[in-house]
2 protein chains.
Amino acid sequence: MSHQIITTKPKARINDYVSVDCVIFGFDFTQLNVLLVDRVLKDELTAREKFNDLTLTGNHIYEDEDLEAAAARILFDLTGLKDIYLEQFHTFGSPQRITRENDKAWLAANGRDPDQRIITVGYYSLLATDKVTLEWKGRNVRWFPVSEVKELAFDHMEILNEALTALRKKLLQEPIGFELLPPKFTLSQLQRLYEVVLGISLDKRNFRKKVSRMKYLVALDEKQKGVAHKPARLYVFDREIYENTRKELFDFAI
Amino acid sequence: MSHQIITTKPKARINDYVSVDCVIFGFDFTQLNVLLVDRVLKDELTAREKFNDLTLTGNHIYEDEDLEAAAARILFDLTGLKDIYLEQFHTFGSPQRITRENDKAWLAANGRDPDQRIITVGYYSLLATDKVTLEWKGRNVRWFPVSEVKELAFDHMEILNEALTALRKKLLQEPIGFELLPPKFTLSQLQRLYEVVLGISLDKRNFRKKVSRMKYLVALDEKQKGVAHKPARLYVFDREIYENTRKELFDFAI
């Protein structure tokens, strides 16, 4: 949904009926987080808070923008980061998208027609949590552990859940997990990533056995620095080896 | 026979800025086909044909419809079929979607603003080619072998290519191929399906070896009827066995 952005030149939206919503996932070596924005509605007369809840980050599409460019702009406005992994996962357009009173009141307070259907194109992105300085145009932006998010404004809980499903699926099929890790990582960090995103426990020995078969995970002659425990070996993901090995594969996983 | 739905009340579109496009794939045991519609523009004065080309099948979204319901309606209007496999694969919204003269002329002739951005939500569907009676609102609808389609109106060639990529990916990961086959099929038909959709050749012996490991492909005590060659054994896909076996898998195919 829309969060107003103040720019020096006013840009024209392509229309009021389409938006882009970003589900920004972050990994902090312990848990999977999602970036959420505070939504506060105050009573115009009393200035008393009517409600205070959370939304995903979204915006309209401007005239010169492709959908993905709009998503990248939202990400940049929020984090100052460019060239972040972005994946369009689903477009939401149910007639029942906006049904709750808070959501209708919020739209009305922002000069919008609560009964107008808005189609929103969902993107998810992946980054390392510590990369982001969190502040956004006067509103509070915070990381929340995905497992603790139980309710969001509009249909954003559905959007978050769909994004998570799409992310899990993709994680099992393509090497996107490395987007959530630093360039050099330990096998424990990699294992933790899979456990956290998929919500499962993995047996360490089996995991190492699987990993040892992945030629594109290259062990460096280098170890962790500045850790309290015994430093572990560092690995890198070699995309070239990955691409070359994949060509020989034919999954046929029906 | 026309499949036009006659409604007593005219329906309202949610707006003019969003549409749904359907890439309808069909398999006829020989090749992969796509359903295309003739687009003919005639000069108003001379009635001479200005151009005659092909498009995918798309439409607007009505007020009571979810996006998928709009796609299902398009499919029903076109084929008379309900409960067909439908998969949302990508939403297209580039500012450059409509740039060619023919496309602009077509929109203008249909009372639309050629410079207005239209976002379109792409769905693909799968069916057996022989299920469909092809006639649609006075326009010609025909199956074309996907491999022979080189040019389409608007950005529909890009949409078709993206749909094909999504279909191929999904075919390797989920048992959607059976949507393109009759309930009972031979292993040669199954092999041909994979070859045709993926655009590859498969070694028959290796294929049979793989298939023999798939517990959810159940051999029947029944053979083909009415074929010129030696009748082959028939198989069914058992979704229950598939679901139960999948639960035990952990792909981890990074």
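Keep in mind that glycine also has a Cβ here, set from the backbone N, Cα and C atoms.
Feature annotations, reproduced from TrEMBL:
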type	residues	note
DOMAIN	A:18-156	domain 'Nudix hydrolase'
DOMAIN	A:177-237	domain 'NrtR DNA-binding winged helix'
Taking DSSP H, G, I as helix and E, B as strand, the domain 'NrtR DNA-binding winged helix' (A:177-237) contains 25 helix, 13 strand, 23 coil
Predicted model, mean pLDDT over the domain 'Nudix hydrolase' (A:18-156):
89
Provide the three-state DSSP residue tally for the domain 'Nudix hydrolase' (A:18-156): helix first, then strand, then coil.
29 helix, 58 strand, 52 coil
